Each structure stands twice: as C-alpha cells, then as structure tokens.
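Noted in Swiss-Prot for the protein shown:
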BINDING   Ala377, Val378, Thr379, Gly380, Ser381, Gly382, Lys383, Thr384  ATP binding site
COMPBIAS  1-24  compositional bias 'Low complexity'
COMPBIAS  56-75  compositional bias 'Basic and acidic residues'
COMPBIAS  192-210  compositional bias 'Acidic residues'
COMPBIAS  242-253  compositional bias 'Acidic residues'
COMPBIAS  262-299  compositional bias 'Acidic residues'
COMPBIAS  317-334  compositional bias 'Low complexity'
COMPBIAS  847-858  compositional bias 'Basic and acidic residues'
COMPBIAS  913-926  compositional bias 'Polar residues'
DOMAIN    364-543  domain 'Helicase ATP-binding'
DOMAIN    601-748  domain 'Helicase C-terminal'
REGION    1-107  region 'Disordered'
REGION    183-334  region 'Disordered'
REGION    812-932  region 'Disordered'
MOTIF     333-361  motif 'Q motif'
MOTIF     490-493  motif 'DEAD box'
Amino acid sequence: MRVQQSKPSAAAKRKAAATSLTTSPQKKRANTTPKRAKDDDFIMTLDSDDDVEDLDAAHVDADHVASDNSEREPEPEAELEPEHSSTPPDGKLTKNQRKRKEKAHLVGKEKIIESLASRSKTNSAAAVKDAMALDKDFEFDIFGDGSAVDYTGAEANGWDMSVTGTRMHKKLNVDDIIEKRRKVLPTLPAPVEEEEENSDEDDQDDDLDDDIKYAEYQDSDDDEDRFGGGNGNIVGQNKDEDQQDAAELDSQEDPLSSDAESASDDDDDNDNDDDDDELQVAEQDEESNSSEDDSDLETEQEKARKAAFFAEDPIATSADSSSKSKSTNDAESSFGAFDLSRPVLRALSSLSFHKPTPIQSRTIPIALAGKDIVAGAVTGSGKTAAFMIPTIERLTWRAKTRTPHEAKSRVLILAPTRELAIQCYSVGKSIAKFTDIRFCLCVGGLSVKSQEAELKLRPEVVIATPGRLIDHVRNSASFTLDDIEILVMDEADRMLEDGFADELNEIVKSCPKGARQTMLFSATMTDDVEQLVRLSLKRPVRLFVDPKRTTAKKLIQEFVRVRGTGTGGVAGADGLSGIQDQPATWISGGRKSEDAQRPALLLSLCTRTFTSQTMIFVRSKKLAHQLKIVFGLLGLSAGELHGDLSQEQRIDALTDFRDGKTDFLLATDLASRGLDIKGVQTVINYDMPGQFEAYLHRVGRTARAGRNGRAVTLVGEADRRMLKLAIKKSSAEQIKHRIIPSAVAAHMCETLERLKPEVDAVLREEKEEKALRIAEMELKKGENMANHADEIFSRPKRTWFQSGSEKTQASALSKAGYQATMDARSSSKQKDKYAGLSRKKRRSKMMRQEIERERKDASGSAGAKTASGGGMDAGIRAAKKAQRPTKLGVAPLKLANKSKGKQSGRNARPSATGGSKTKSSFNRDFSGNKRR
C-alpha cells in the first residue's frame, strides 16, 4: 500500500534551516536529493508539530553551544553568496538561491528563540559554577538532623506559641473601627521631639541619654529634680555613701517629699505635730514591712519548724571545702557533667543550651535523684528548663510499652495562666524532640474534644491549667491522675493563693501520694511551712539561688513622678483617667488628679523615647482596652492582652508582638508571670502595684537570660512605700530618675482631650457590633436547639467539684485577692488617705472634703433639709473649730459669762452674812414660787 506523504511542517523547515547553517553550500548541493528523502521519512513518523518544536530547540542548542558569539555575527548567507554563487545578468535568482533566501528569512524569525535558548544554557552553566563554590555561611550538621536550621528559626522567633484546637470563627476586631475613625480624624499636632526641646531642664541633661538623671537627692534644691529626698544610699552619692546599710531607708523621710514641703511643715507644725508625724511614718513603715516584705528575722520556733520540714541540700553539704566546691562548679560548667542521655544533650545543643544557669546546676542533680524541691530564682534565670530537663531525662529511662493501653501519664505540670502553659509545652517539645515522649496541652479556650482525644492515648506529660484539668478528670473518659509520678508547679506561689486553693486541693487529692515527686518553682517562692504542708511534700530541699525578691542584675529601674493638678480629666473620662465629675478643689493634688496625668505621661514616653518592643502593664482590662484605642487613634501599633479576649486573640497578640508587627503590648497581670517574650526592651508600669511580688514579676519580662533591660514606673504620692522598698531591694546603679518636661506633658494632655469624642465613638460602635454578634449567636443557638435537640440533650452533663454558690464565692475571693495585691490601700486605715501630710494640711483637707459633702447633701435634698438640721451641722463645725489647737505663745481668749457672774454674785452675799442654803430656799419662796 502506498503511503501518502504529508506536507512538510514549519518546524521541519526550521530544522532544515538550522542544519544549513552548519554545512557548506557545496555539500548541500551534492547531497540535496538524499537529504530531502531522509527528511521525508522523518516527517512521516511524527504525530504533532509541538514535539517537533521541543526537539528542534534541543537540536539547535546542541549545535550552537560551541559558538558563543553566533548571535552577534552577521548572517552566513550574506557572506557566502558572493563566493559560491553567481547572479545571472538579468538579475533573476536561481532555484537554489531562492531556497537559501527563504531559509535565511526563517532563521531571522527564529533568532529570538535561539537567543533565549543559548542564554538559558549560559545561565545554567553559571548556576552550576556558583553551586560548586563554598558558601561562607556553611555549617556542618553534626547530628544530621538540621538542628542548626531549627535553632536559627527559634532564635529569630522565640518559643513557638501556636496550638491546635482553636476555634477559627470570625472575631470582632476593634482595629477596623479605629482605622475607620482615624481616616476622618483631623490631623493632630506632632509630639515635641527630644532633639527640639529647649527647656532649661533638658539643657542641664544634655550629657545624659534619654533624659535620664541620677537621683541626686541631697545635692538638688529644686523640687522638680528632688526625688526620694532624705535617702542617702541613692545613685549620685559618693562610693562610701553607696555602701550604707539599706535599713537606713526606714528611718528617713518620705521618698516623694521635697525640701520646700519639709520646710513648710517645720514652720507650721509644733513639736507635738512632729512627734505624731514621726509616729505615723514609723507605724506605716512597720505595716509595710509586715504586709509587703517577708521578715528577715525568724523566731526560733519558725527556724525549728523549717529545719524539721526541709531537708538539707546534698550538693551544698557534700562540698566540705572551698576547693572542692570550686571543682564541683567547674565540673558542672556544661550539661555533659550531669550524665544526661544523648537525645537530651542533642536537643540542648540544637537550642544552644551549653552552660547551665545556677538554678539549673543545683536543681538537675537533685531532681534526677527523685527528691522534692522548693526552688526560687530571679526572673529569666531558666527555671522552666531547670525542671523540664530532669523530667524528660527520667522519662527516657521508663519502661517501654508495646500497646497504647499500657501507656501511662506520668508527669503533670501545672501553670496559673494559659499562656504560661503553652510556653512550657513549647519548651518541653523542643527539649524532647529527639525522644518518643508525648505531650498534651490542656488549657481553657481550646477545643475540649481534641484534648479528650489526646488524653485517651495517655501521653507521658500533661501540661494544664487547674480548671481545665479538673474538668477532664471528672468528665473525660479513661483519664485519671492515678499514675502521676512527677508533679511540677510553675509559679507555685500564685497557685498557693486563695484563688487557686480549692482547685489545687482537689488536684493534689487526685494524685497519688506514695512515690510522687513534687517540684515547686517561682521567682518569689515562699518557704512558709503552713502553706507548703498541704501539698504533701516529703522532706523537700530548699534551693534559693538568689536573695529573696530581688531583680535581675542588668535591669535599670527608672521612676517618673506623677504630680496631681486641678485638671478635669482626659480621654476616656471615667475609665481612662479615673476622674468623675468632682470639684476642682476636691481633686487638686489628690489621687484621682494623679490618675488624670498618667495617660499623658505614658504617651509622652511611648511617642518620644520607647517607641518599640515595649510592654505596658495596667491594673484593669477596661483600661487596657481604652488605651489601645487611644494608641490606635494616634497611629501607634499596639496589641492588648487580658482576660476579656478569646484565646485566639490572646495568642495572636503575643505572636504579633514577638514578631514585631506591633510595637506595644498593653497587658494586665495576666502576662506578668513566667512569659519569655523575645525582644522585650522596656517594661512600663502604668501604676505601681500594691505588693512588691507583683512589681518583681512585671519588671521581670525584660532583662532576661543576662540581657539588658529597662523598667519605667509612674509613681504617685500614695506609692512611696513601694518606691522605698524597690530602692531598698536594688543596687545603687540600678535606680534612676526620669524627668518628662512639663511642656511635653501639657501638649499630650491637650491631644488626649481632643481625642475624647473619638474614643467614645469607637467604644459606642464596638458595643453595637458586639450586641449584633450576640444576637446572631443566640439566633444560631436557637436553630441548633430546634434542629438537633435530641443530640444535644443526649450528651452527658459536665460536672464540677463545687456547687454554683461555692464557685461564685471562690471567684469573688480570687478577685478580692487580686485587688488587694493591686491596691494595698483598700485594707489600710483611714489615715493612709492623708499619708505624707502634716497635721495642719491634713485637717484643712478634711475640712474641705466635709464642706463639699455638705454642699452636695444640700443640693441633693433640694430644700428638704430642715432648719434644725442645718443649725446642728453648723454647731458641729463650730465645736470642731473650737477644738483645733492654737499656736504656741498665744493665750486662749476668755469670754465673760454673764449668767455665771450673776449666779456667783447671789451665792457670795449669803456667804458673807453667814447664811446657809436654807436661806436661799426662803428667798426663792418669797419670789413668788410655790414651796414644795
């Protein structure tokens, strides 16, 4: 059968044209017929033109790889035609000449394709050459697991806070509302830059960075510069004065008092007033030391109880001499000295944990021995790794199980907050990544069902918060605490407080008591036997590496004085400034007037000096949210972290702040304990907490792991006791005084006053959006109840170990305890309200307040008050005024009493005549009165 020839395609023509470039014209003429026949046979075997294009491109690349400058040379046909062909006289081209011209034309069309092909070939060759070169950042992977890459990522991003089981529903984001309001907001004046200030205060501080001044209390006569007057061991004094005893602070004057105030008090008060003031200060110092500071002086009975309860440190007692102690410390300069297993050492090396910290050196060998531990160290000293490393090491030697039913949950780690539990979970997973140890995270805010599924597999380590753990113990099938061998409590002093007391007792009762090891860790750990005895500890070992309640060595503590004025408040009205509608005479110089100045001082710091990587601690969730709105309206990127947010929002806020997406993190004390957020440079305390432990945990978010850090605290008149305690517990080089120019603070007050309507509008719109979401949720809930009623009611009811009233009472007790830590004045006497004032000023202030209260009562009653009542109040005021002490040297004014004089005259006449009392009775009878 005759095969029909197909017409040559365009690809075949391009191939022929490419072939013609590599052969001479003579050879092409000689082999014209065979070549055409061969091409015809080749064309008959093709299926499509697309394959021909790919093959042609590869063929052209192979033929022209040797000629590097073929693209820049002129066309070969133009050079060969004059030598090997002759043009007829009539100017007509021959058949072969026309073919060569057509081929040259086709080559011109495909020149771009050939250029790209040759260029890609050249680039690929260059890439191969670059790949063979040695990278300057090349590192040998010793273990072959890519651990160096993992460490680089961990160093850049910190601990991984991502968790599973979150509810990815649409969230209410106030940032969208703020951005919408900000677009229509008029342009606000820019804050005064530090470089452009021309005030006299800044001219004196040009040699100091960031307006930082040493607290030179005794050398400064200016009231604006004087901060902590009377304290002799503050920075700026001589070296000998720096080494004075810290106990001298208790006998000195108020740190916030000034020379001018002291002089006026000396002029106005008498000796009795001075004695009363000194007695009052002494009583307040005694109360402060008893309520806020653990007494260093222990009675013999307390020492005996602690000696009987605690066991001796075996490492400390084994070092009989200083040389042996030194050799022991040298031997424990690396984790290899603890005889840890290879997977644990491998993980520590990948995390760049080479040398153990002091708390780790003392804790790991004792924990490996299975002893109970009560440990304390400063913030950022590696306490989490101190209990996680020995725990994982002990689990590596456990008996291997063949089936999941034989697995046991052996370790329970408790944390007071969800974020701290998530961080412990991340640290544990990183240290145990080369082992087969399984972890389970049980915290509130995440899916209960996913946690139940993980607990059914009986993971070796369970990290939980107390509330969710009790929920799983009572309501999750096949999960118990009967096999717990190691119980760890992070931030144990918080777990021992009243808010967690009932839950902690329930957990301890569920855990076995026989061979259980218990370890307690905290930066402010207590050694009170009465609190620790309920945890069923067995001769625990006390490991307090650092002095009690001290800050990190590289932490600089700055204090900004807050002065009260007669202003009426700033943005946010009641919530933000803390001011209600009060007369100026009442709020002038008072506590609420100080609260009105705090937002302006805070924004002055955040817009001028600390512009990134700054954590700001406030005392309430409402204040944190309102400050976030103010920051957003001013164009400052800020996140918030408190209990009113969902768990997804809390994790997102932490992650954004850690990754640098937000510059500020406004948080309550929810984030003050245990969190290790990478890159925190500054911590700002919007107000001073009422207890020193809370202050230590707040400022401990910076200056961690030997890094530098700075803590700035806004201090008012009522915070002087906490200020004195902070000065006493810190070294001289750590305390500094920061002065914010009054012009900057006044400018920021004006800005906040302009923002007040916008803040109210954002809050109002957010409230409306929240109401709509609640309505939608209730509607969806009703639909689910109607469509899936049988399934919903068939679910078993979840139980709790407390009744509803007991749970409410425990919640109220926890809230009261937190408020007591935030404001020590709530439980103090009434005289603390006028602390720091002389007797004359105190009485004047009391009188002004009484007058204002009477004025309010008079206006509120609207004339209903009787005249007798008004006269009674006037009489009370007159009596109080008469009892006020007078100045020395002024004799009291004696007024003649006419009635008393007449009576004395009548009595004198009878006595002169020798009469008696009977005569006076007759005189009365003669006067007309009836005798009885």
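Cβ from N, Cα, C; glycine included.
Just so it is clear, the model here is predicted, and its values are computed rather than measured.
Annotated features taken from Swiss-Prot, shown on the structure.
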residue	record	Cβ within 10 Å
Ala377	ATP binding site	24
Val378	ATP binding site	23
Thr379	ATP binding site	28
Gly380	ATP binding site	21
Ser381	ATP binding site	22
Gly382	ATP binding site	19
Lys383	ATP binding site	25
Thr384	ATP binding site	23
| query | Helix, strand or coil: which one is Ser381 (ATP binding site) in, per DSSP? | reply | coil
| message | Using the Cβ center of Ala377, Val378, Thr379, Gly380, Ser381, Gly382, Lys383, Thr384 as the ATP site position, which other residues in that chain lie within 8 Å, going by their Cβ? | response | Thr357, Ile359, Ala386, Ala523, Arg704
| For the compositional bias 'Basic and acidic residues' (847-858), DSSP counts of helix, strand and coil? | 12 helix, 0 strand, 0 coil
| remark: the motif 'DEAD box' (490-493) resolves under DSSP into 2 helix, 1 strand, 1 coil
| query | Per DSSP, what is the residue tally for the motif 'Q motif' (333-361) in helix, strand and coil? | reply | 17 helix, 0 strand, 12 coil
| remark: Looking only at the domain 'Helicase ATP-binding' (364-543), mean pLDDT returns 92
